[in-house]
Amino acid sequence: LAQSLFALFASSLAISLVFAIIPLCHNVVVLAVVMAVAGLAMGCIDTISNMQLVKIYQKDSAIFLQALHFFVGFGALLSPLIADPFLSDTNCILSNSTANASSNLPHIRKSLVPHHPGNLSHYDLPMKGMVVTRVSYAFWIMALINLPVPIAVFFLLYKERMVPCFNGSSHPLLSADELAMETRPAEKEDLSTTVQRPRAAGGHDDLFSCCQSKNFRGASYTYFAVHITGALVLFMTDGIVGEYSGFIYSYAVEEPLSVVHKVAGYLPSLFWGFITLGRLISIPVSYRMKPATMVFINVVGVLVTFLLLLIFSYSVVFLFVGTASLGLFLSSTFPSMLAYTEDILQYKGCATTVLVTGAGIGEMVLQLLVGSIIHDQGSYSFLVCGMIFGGLAFTFYAFLLFFHRMYPKPSSDMDGASPDKPAVMDDTGQYQR
């Protein structure tokens, strides 16, 4: 737990520093290095936060995962609104020709898409002159907004007496008994080893315990199959989130829809808005519905939505309806899949790392793939790709269900340590199962 908190502290602090440095980067190589550091820090935060919620709350982790990812979507929705006032509708470099080009610049800003840079060839943009831009303030504001996060993590480390220089004066936020109740082991044989560990460890394994080869000894093929199929489902669904939010504007403004640029600009915001709304709705729903059922509804909903988008591909109204529907169905897929897969594997936390990595790779790879396909085949291939990815996600989920049935269930003698049973306190004040 201490290693995870220190990693969260370092990563969140790095993000604030990176956002403060970005406006000062006047070399593209330096900017690339700085952005790589930001990506590394965000990946650490994503993996560790999901993994620790699973390990601490176990059977209850589905609710906390839905809440976590609600804030992920809320941040993705809010941050463009913070940056937008500082984005200029005129050129950032003043010259004699700026006045002639300024009327085209709102269109240029919305036309900067990775798959079709040729659209900009007929615009004459000045490259020399006095730079007048306020976009730096957006980065600095985001750095300040993020700064309370590492401060809060450091405060948690201090209160839990995990900071080497400040061990004596603070009182832990949770007593040892309460922390032991939250970090209950999933199997009976783990109880003896947990008792032997130092109390400060709180029942957590080493941060890198998932990488130890001893954990794979004697594991059945279904153990690896559950990891792989779960990661492939998230590879597809998170890839759909990335490619849809990245290219829906480009699809809408081109034939056959030819939506007005300003109206098409609302589509990514609508998509992320309904992802955020869906995650908020999923918090109480996950308390009543099993994660496996939620994932099934999600993948079927994504597949049906893309099918309807293809059928009504000439309808602008249904494009907005389908975008909202797709956001709702994709919203809870990631946290529900984490909770479902960890439920199969008895909440060890190791599957979370594999699933988060698979989702991140999918979000990166599918955007590149769809961008190149749209460039070669036209805008209609955007929906065809989405349909194919949705079908593959459903197929991989069917395989996951199959391997879940094949996966060896815990023996009946482990029922006493089941996380479903409430914790009770014995005469000594210790929580028992």
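If you go along the chain as it appears here, the first residue is 1 and each next one adds 1.
Cβ from N, Cα, C; glycine included.
Listed ranges 7-29, 352-374; the one TrEMBL annotates as transmembrane segment is 352-374. In this chain, the transmembrane segment (61-82) lies close to the transmembrane segment (318-340): three or more C-beta pairs between them fall below 8 angstroms, excluding pairs fewer than 6 positions apart.
Between the transmembrane segment (352-374) and the stretches 30-49, 137-158, 223-251, 293-312, it is 223-251 that has the most C-beta pairs under 8 angstroms. A contact between the transmembrane segment (263-281) and the transmembrane segment (223-251) is present, since 3 or more of their C-beta pairs, 6 or more residues apart, lie under 8 Å.
Sequence-remote contacts of a segment are chain residues at least 6 beyond its ends whose Cβ falls under 8 Å from one of its Cβ atoms, and for the transmembrane segment (293-312) they are 233, 237, 240, 282, 285-286, 318-319, 322, 325-326, 328-330, 332-333, 336-337, 340, 383-384, 386-387, 390-391, 393-394, 397.
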